[in-house]
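Shown next, in structure tokens, is the structure this report addresses.
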Amino acid sequence: MKRLGLLLALFSVAAWSTNYLAGRYLAWRGVDPLALSVVRFALATPVIFALARFPKYRGSFKTLFLLGLLGVAGFNIFLYTSLNYISAAVASLFVVLASPLTQLLQLVIRRERPGTAAVAGSLLSVAGAYLILEPYIAVKSLLGPLLAVSATLSWSLYTVLVRQAYSLYAPAEAMAWISLFGLVAMTPAAPFAAYGQILSPLNAAVVIYVALVPGALAYTAWNMAVKQVGPRASAAVLPLMPVITAALSAALLGEYLSAQQLLGMAAAVAGVYLALRDK
């Protein structure tokens with residue numbers, strides 16, 4: 001069961017690795033971040049409900065709405081807006097920080113103290129992620145990093161709090177209602193978004209992809225992972241995101257990996273392994 005949970009978390013991280021590249025591409029193409037977030041989950045929500053076999057609503061409105069606000073509305077709007085100001089590499093580096101931040105929130109909110117190996121592994125993997133991404137880092141405005149930090153905080157809080165929904169719902173069922181309430185949370189601002197750029201065929205294809213794979217499938221898998229292995233172990237694999245992105249770039253695009261980046265990949269993998277071995 002634990003192995004399945006880790007595999008689900010790894011699938012989510014792999015899918016989200018492509019989401020940063022897609023989000024940066026769509027930002028370059030002039031797609032409105034709010035429009036992207038709204039359309040993404042307007043498409044993803046029915047799919048998530050189908051994956052969960054159309055679960056009945058069984059209460060816990062406040063918890064589900066808060067989770068939708070944090071993990072769907074807040075995280076996506078902050079992330080996609082940040083990609084207008086910073087590169088996908090910089091944005092993913094900030095989200096990698098969700099690993100140690102989740103440990104801190106677990107301590108503050110749930111009084112669950114991480115072990116020494118978990119802390120050391122988390123810091124080592126973040127350092128490895130930095131070595132991988134450092135050649136691509138270019139920040140022209142503080143607004144981008146501030147938005148990325150807001151996305152990271154939203155996601156870390158979501159990961160810590162999502163287990164509260166599991167007293168009434170299975171993970172896939174909870175994700176269906178979280179996605180719906182997240183979409184509802186974006187509704188007041190939705191009329192002010194600009195949807196024109198999404199309508200071009202290529203942009204529309206990318207939006208459908210981020211809705212179905214990094215959206216519906218990855219979000220559902222992440223909730224199942226958190227249920228099975230807990231927030232800390234799930235967040236521990238987030239530093240593999242730049243490792244996967246770099247490996248895909250090398251394999252598919254023929255991009256050269258420097259010795260520094262290879263060292264970073266090794267450090268990130270070692271850090272994740274160390275963190276997951278902590279009891």
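Glycine too: its Cβ is placed from the backbone N, Cα and C atoms.
In TrEMBL this protein carries:
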DOMAIN    4-133  domain 'EamA'
DOMAIN    143-276  domain 'EamA'
TRANSMEM  34-52  transmembrane segment
TRANSMEM  64-83  transmembrane segment
TRANSMEM  89-109  transmembrane segment
TRANSMEM  116-137  transmembrane segment
TRANSMEM  143-162  transmembrane segment
TRANSMEM  174-196  transmembrane segment
TRANSMEM  202-222  transmembrane segment
TRANSMEM  234-253  transmembrane segment
TRANSMEM  259-276  transmembrane segment
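Within its own chain, the transmembrane segment (259-276) has Cβ neighbours under 8 Å at 6, 99, 117-118, 120-135, 232-233, 236-237, 239-240, 242-243, 246-247, counting only residues six or more beyond its boundaries. It is 174-196 that, among the stretches 34-52, 89-109, 143-162, 174-196, 234-253, forms the most Cβ pairs under 8 Å with the transmembrane segment (64-83). Taking H, G and I as helix, E and B as strand and the rest as coil, DSSP gives the domain 'EamA' (143-276) the counts 116 helix, 0 strand, 18 coil. The stretch in 116-137, 143-162, 174-196, 234-253 that contributes the largest number of Cβ pairs under 8 Å to the transmembrane segment (34-52) is 174-196.
Among the recorded stretches 116-137, 143-162, 174-196, the one sharing the largest number of Cβ pairs closer than 8 Å with the transmembrane segment (234-253) is 116-137. Sequence-distant contacts of the transmembrane segment (116-137), counting only residues of its own chain at least 6 positions beyond either end whose CB sits under 8 Å from a CB of the stretch, comprise 87, 89-90, 92-93, 96-97, 99-100, 103, 232, 236, 239-243, 246, 258, 260-261, 263-278. Counting same-chain residues at least six beyond the ends of the transmembrane segment (143-162), those with a Cβ under 8 angstroms from any Cβ of the stretch are 63, 66-67, 70-71, 74-75, 78-79, 81-82, 84-86, 90-91, 94-95, 97-98, 101-102, 105-106, 109-110, 174, 178, 223, 226, 231, 234-235.
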